[in-house]
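*Asks:* A single structure is presented below for examination.
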Amino acid sequence: MTANALFPLFANLHDRAVLVVGGGKVAERKTEALLKVGALPIIGAPSLTTSLQRWAETGRITWRQGTFEDSWLQEDIWLVIAATDQPEVNHAAARAAHAQRLFVNVVDDIALSNVQVPAVVERGPLRIAISSGGGAPMVARYLRQQLESLIDDSWGRLTTLFAQRRDTIRARYPNIEARRRFFETQLAGPLQRLLRKQRHAEAEAVLEAALAETPLTESGSVTLVGAGAGDAGLLTLNALRALNEADIILYDRLVSDTVLQMARRDAEQIEVGKSATGHSVRQEDIHTLMLQHAHAGQRVVRLKGGDPFVFGRGGEELEFLRTHGIPYEVIPGITAALACAAYAGIPLTHRDHAQSLCLITAHCQSSLDTLDWAALAQERQTLTFYMGVAGLPTIQQRLCEAGRAETTPFALIENGARAQQRVLTGTLKTLAHTAQTYAVRPPALLILGEVTALAEHLHWFGTAPLSAPCPPARIL
């Protein structure tokens, strides 16, 4: 049977009595929601949960101890919620409520209910209700979860900002069409972005200027965004929002097409990647592009693989932007060491094996020459080498010379956290040989330390780790 269509309605229950029949966990959740909106819950049940008992003792709720009685509805009740696990009690409460023309919700029973309690997303005064009409509540709950991740707290602050100036806005724009256009302009402007960055004073200034018809010109800005490593699912919610607000996206070579497809369709995408073997864009040219587009009033996203502040030259770019007076923000990402290790089943720290972690860049010989190899050769630490494929023979030689045991296990992770991921394992003695045997190519991350041996039985993503046979001994 198809349920009747429901009329969506928000009720003001502040200082109004609501009868909740039942004293279990479901009744507790309903009561907690009622308390949040200032209602006066009356709980009718033989016994209560610990929380309901505490609320009754502190006077937050009224308890009618016992089984449901029709007389409970003689107390100027506005709404009845039946939330027991006894169908006969729920039926009795519903019949009595219907007889007095009261709204009643019987949990998980459409036929006995004349109102449904929706799934709700709350952001301050902003409330979004989702209902399936009671027929498929899991659909409503699933959609609520999706909205929870998309709508951050700044929307609640924006709602409050507008509500505080409601009378001023209505007086300034008495015509409803003019008022609608004003709101549309402000919602598409910088207000919400400023509130998300906790810049409340600037947001208020923008709104006041708009009401005074002296709009403040929104300056361009640059957001450094970490795209994470490999799997597009590692992108953070803030990173996704930035991509959907961008006018220009300056992206690195290692950023996947899947991530770029999540960006706003109208955004211009410009590759500015660097490569050890192919075409590279100079850092000075990247600075120029950021400056040029920001000066044009555009929202620029500087999209980097991994995290902007882990071997991503993010610090240099912020110093440049600060010098030139360009507003900026930083959205961190999951760096390659964390992503690759997780997808290979390698805990970077472990109580029994490693108490410290080193992140090391090895993209050129000069980087390797400046390292303190004696410190890196110490045991009970995990080493992660970024951009080190070409330097693997040097890494092996210098660590062995510094005293790191040749039997120290390693994992070489190629295309980490991607569908093409390969994990190669061995010992320090076989490092260069293994990379050569399997023709390892960038992007690849080297993890060295006792924890890497755990990949053999903790791996969960892609194929099992591979290892090369030991190289033949040299004949002297």
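A Cβ is built for glycine as well, from the same backbone N, Cα and C atoms used for every other residue.
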*Asks:* For the S-adenosyl-L-methionine site that Swiss-Prot lists with GLY305, GLY306, ASP307, VAL310, THR335, ALA336, GLY416, give the additional residue from the candidates MET290, MET387.
*Replies:* MET387
*Asks:* Neighbourhood of the S-adenosyl-L-methionine site (GLY305, GLY306, ASP307, VAL310, THR335, ALA336, MET387, GLY416): other residues with Cβ within 8 Å of the Cβ centroid, in order?
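*Replies:* The surrounding set, listed in chain order, is ALA229, PHE311, GLY312, GLY333, ILE334, ALA337, ALA339, TYR386, LEU445.
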*Asks:* Hey, of GLY305, ASP307, THR335, ALA336, MET387, GLY416, which of those binding-site residues are within 10 Å of ASP252 (active site, proton acceptor), Cα to Cα?
*Replies:* GLY305
*Asks:* Between ASP252, ASP307, which of the recorded positions has the fewest other CB atoms within 10 angstroms in the structure shown?
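*Replies:* Among the recorded positions ASP252, ASP307, the sparsest Cβ neighbourhood within 10 Å belongs to ASP252.
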*Asks:* Please report the DSSP secondary structure of ALA336 (S-adenosyl-L-methionine binding site), reduced to three states.
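*Replies:* The residue in question, ALA336 (S-adenosyl-L-methionine binding site), is helix (DSSP, three-state).
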*Asks:* Between C-alpha atoms, which of these recorded positions comes nearest to GLY306 (S-adenosyl-L-methionine binding site): LYS25, SER47, SER132, LYS274?
*Replies:* LYS274
*Asks:* I'm trying to understand the geometry here, so how far is the Cα atom of LYS274 (active site, proton donor) from the Cα atom of GLY305 (S-adenosyl-L-methionine binding site), in Å to the nearest whole number?
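*Replies:* Rounded to a whole number, the Cα-Cα distance is 11 Å.
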*Asks:* Return the residue, from the listed binding-site residues VAL26, MET387, with the maximum count of other C-beta atoms within 10 angstroms of its C-beta.
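*Replies:* Counting Cβ neighbours within 10 Å, the top one is MET387.
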